[in-house]
Amino acid sequence: MAQSSGHVSYVAVTVPIAIVMTVLCLFLANAVTYARRPTTYIVGGDDGWDPVVPMDTWARGKTFYAGDILEFKYDYQRFNLIVVNRTGYETCEANVGAIEYSSGDDKIQLNYGYNYFIGTYTPEDCTTGLKMAIKALAPR
């Protein structure tokens, strides 16, 4: 009988562990299945990166997450795109270290916790709204 009791104790311990592990695996599989995939945004919508669309208005109401992609479509002969610091954003001037894009179809993948200040070198376009400020939140 003592041997039988040892076997029962072993089963009594391992079966609940196996059940807990199975439930945990199912929970994780479900979480992965429903994990948010990055979203690609065409900045400015159908009009693209153009002063006819006030970009802060376009961005208002949208929530951006790390991993999301901002795609900027524009006429590269008329416009460009620069990522600047807050001062550059407020003054519509490129700061030291600003990153310029000029292909006409540029993509920026957002990193968690970063504030993005994006504008154009053309001061008159920048001051009339061809700029935007966003922050990338933690992915969900």
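Keep in mind that glycine also has a Cβ here, set from the backbone N, Cα and C atoms.
When the candidates Cys25, Cys92 are compared with Swiss-Prot, only one is recorded as disulfide-bonded to Cys126, and it is Cys92. Mean predicted confidence for the domain 'Phytocyanin' (39-138): the pLDDT average there is 94.
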